[in-house]
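Feature annotation from TrEMBL assigns domain 'Deubiquitinating enzyme MINDY-3/4 conserved' to 2-103. Residues annotated as region 'Disordered' in TrEMBL: 64-83.
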Amino acid sequence: QVCRGLRTPRLPVWLCSVSGRHGVLFGTNSLLLSDWKMERVFQLYFYNGQREQATPARLTIDTHSHPWEEDPCEDSSSPGKRRSSLEMAIRTKWAGATVSWNGTDPFF
């Protein structure tokens, strides 16, 4: 029997397999589960347990970003324009969202 807390988590938690590596994407705001208005700009954390990651990466997700705010001169295939696998996984839930790594180098 699965306990109620596992069926209905109190905080948003996703187990991820990105590029063959497993990790946990989670939030600390319980309102993200029940109030759609909280999905405008919010924080998520990612931890994969690898030796090189001592603390969870703090990501800021903006679901109302606009494509015209991006630099139009930058080629979509340039390294600065490519999205990490984790960002693309996040976009399966929030299509078109921008992900800020808040100073951390994207490691996926």
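Numbers here mean position along the shown chain, with the first residue as 1.
In case you wondered, yes, glycine gets a Cβ from its N, Cα and C as well.
Automatic, uncurated: that is what TrEMBL annotation is.
What you are looking at is a predicted structure, and each value in this text was computed from that prediction instead of being measured.
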Using DSSP, how many residues in the domain 'Deubiquitinating enzyme MINDY-3/4 conserved' (2-103) fall into helix, strand and coil? 21 helix, 28 strand, 53 coil
Can you check how the pLDDT averages out over the domain 'Deubiquitinating enzyme MINDY-3/4 conserved' (2-103)? 82
